[in-house]
Structure formats: C-alpha cells, structure tokens
Amino acid sequence: MDESVDTDAAILASAAALLRESTFEDITYADIAEHSGVSERTIYRYFPTRSHLLESLARWIERERLPESDFTTIPEFIATVHQRFRAFDAAPAFAFVLARAASVSPTLDNPSSPLADSIERMLRSVAPTLNARDLRRTTAALRYFGSAMFWARMRSGLDGSAAQTSEVFERTVRTLLTSLPSEAWAA
Amino acid sequence: MSRHPEPTGEPVAAVTRTQEGILSTYCELIEELGTDDVPYRVIALRAGVSERTVFRNFPARVHLLLAAADWIERTVFAGVEPESIFDVPLAIREAMEAYDRRSELAHVVAEAAMRGGSGAAPARRAPGFDRLLRLEVPSLTAEERWALVAALTHLDSPGTWVTMRRELGMSGRDIADAAMWAAEALLNPIRNRSSAEPPPAR
C-alpha cells in the first residue's frame, strides 16, 4: 500500500517537473517514465487515460505546490484569492493545469472542492440568515470567480495581469455581495 | 494607473466542407463515447473519408480538439447575439440550459478555452459586450467597463456550467438560475446610469 502511494506521488512529481519545459499536451507517458524511473506500463496502470493523469496532477499541485490558506471572513477570502492569482502568475504552467483539470469531464470519484466548501462555511458564518438559494448561488459565483479558470481566461482571453484579474475579482465579489439582502449579514 | 487591454475580435476560422463533416462526426462520437481518445480510424469510418484525410486536415489531436471546440461554439452553442447588454442575463440562462443538454460538448469547449495560448478563443463574446456597454452606458469609466466585460465574459461560458455541476453538484435548473442571478446582480448597479450622467468622480 505504502509503495503504491509513493509510486503515485513519484509519477506526479515527475509530471509536474516536466511542466517546467513542456505543456501538459506535450508531455508523454514515455517522458514521465524516463524522468521518474517508473515503467510506462505502471504509469498506465495508475493513470489509464490522460484525463486521469490531468486530474490527479491538478490535485497533487493543489496539495503540494499551491495550498490555499484558511479564511473565515470576506476580506480574508479576497486576500486568499489575490494571493492565489499572484501564485498562478508566478507558475502559469501549474495554473493552466488546474484550469484544464477543472473543466474536463470528471474521471475521478468525488471531484471535491475544498475552496467551494470553505466559501460556503464562511458565508454561513458571516451571513447566518441567508436563505438556502442565495447561499448556494453566492457560493457558486464566488467559487467560480476565485478559480484558476477565471485566472486562465483573463490571462489568455483578455490579456489581463494578476493585478487586473484580482481587481476584477474583488469588484465582482463586492457587487455580488452588495446585492444580497442587508438583513442577512451578521451584526 | 494600469492600462486595460482592449478585447480583440476572434480570428476567422475558415472551415471546409470536409473539415465540417469530420468535426460534426467527431462531436457525435464524443457524445457517444466520451472525449478520451476517439480513434482517427473510427472518425474516418463514420465520416466516410479516409483516415489519411482526417490526418491531413488535423495533423495532431490538439488541432482536432481546438477546431471541434470552435465549431461547437459556433453551431451547437451559438445562441442569439444579445441586442442589449441587459439581455445578457437571459442569454446566459439559455446558454446554461444548452450546456446541460449537451454536457460532453460543454466540457470540450470549456477545456479548450483553458489551454493557454494555443488558439482557443476564451473571450469570444468580449468585443460584443464592450460595444454594447459603450453604446448603452457611455458614462462608465474604462476601468468599470473592462471589469464588467471580463466578468460577463467569464459567466457566459461553459466553464460556469462545468464548475457548478462538478464542484457544487448543482442541477441544470439551479445552474441556470445562479448564472443569471450573478449577471443580473452585476448589471443592476448600472441600470440607471444614463448617457447624460458624467462619469463618477474618482
């Protein structure tokens, strides 16, 4: 069991290292085999398709290279996302992998989202009487604008820097929150 | 102050009849088999062309995928071009319903847009939104307008549907509602900004 966990991690660490020189598209299983010393056959056993590899690599990057910080208030949430966008700008290859992995048809069980869970928890605490519908759609919008997808679209579609992306993110979040009923907020 | 880049128009991709046949067949197969590695051989067989023809038109899978995403956006998910910026929330709601009906294709378009500088058009609607805002709410500052264009462009994409489905487990109906609500909430503050009004002092 331990051995398989290590193999798994070694393959993903190699794939992440190869992202320094090539895009995910250009990295072959043979490249990873050579870099990690794990046989190509074993890599296929762990990651039967490139989608499996992409999703697993994104989780590894999230955990090992771009861990999110905790937040419990709106300003902390905004600061966390600003910090993430700056980290994405510093490691665009990682950020594009996160954005792509979040958009493919899921291959892994339980495509969990720690960020969505944290946002919902924060909203429940700062706006305790928010109705279920508003809570859900606000969580969804905040999560989507705080995502690697938003960073990627701003970067490749609108030529925006991390600073501009952060500015649009913050402006959008504040406008959305202002539209919620004022009595929903905790005193 | 930071300069805000102007959204540019998308490059016009000319698609030949043969390419169109291959792309529509490929999309059919994606909906039947999933996106993973639909073999060129199977595409060729179904489209009634030689495998060599498929390779000649799309030398690598990435070409096939990006061309397919572009074709899907222009045909399956084309929707109606909104006439007013205030029609955008409704257009977004309809787009989300369309993604829900053709979910595999929505994933293809969403993923193609996330590939960095490799030819996808992740901000297809941006120039149109920019034009409508200049026309209908000329009192917006460049900064305000750019932020709105960026936010609406991001909402009006299959990525919204994918994220809400995957990460929040929402139903198609709830996703359509949530995306429309967000777009309305973003536009509400500018509904009464008439053209006569000067830009707000900064």
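Residue positions begin at 1 at the first shown residue.
Note that Cβ sites are derived from N, Cα and C of the backbone, with glycine treated the same way.
The domain 'HTH tetR-type' annotation in TrEMBL covers B:16-76. Summarising the annotation, TrEMBL assigns DNA-binding region to B:39-58.
Tertiary proximity for the DNA-binding region (B:39-58) is limited to same-chain residues at least six positions away from its ends with a CB under 8 Å from its CB atoms, namely 16, 18-19, 21-22, 25-26, 28-29, 64, 67.
Taken as a whole, the DNA-binding region (B:39-58) shows an average pLDDT of 93 in this prediction. In terms of DSSP helix, strand and coil, the domain 'HTH tetR-type' (B:16-76) has 46 helix, 0 strand, 15 coil.
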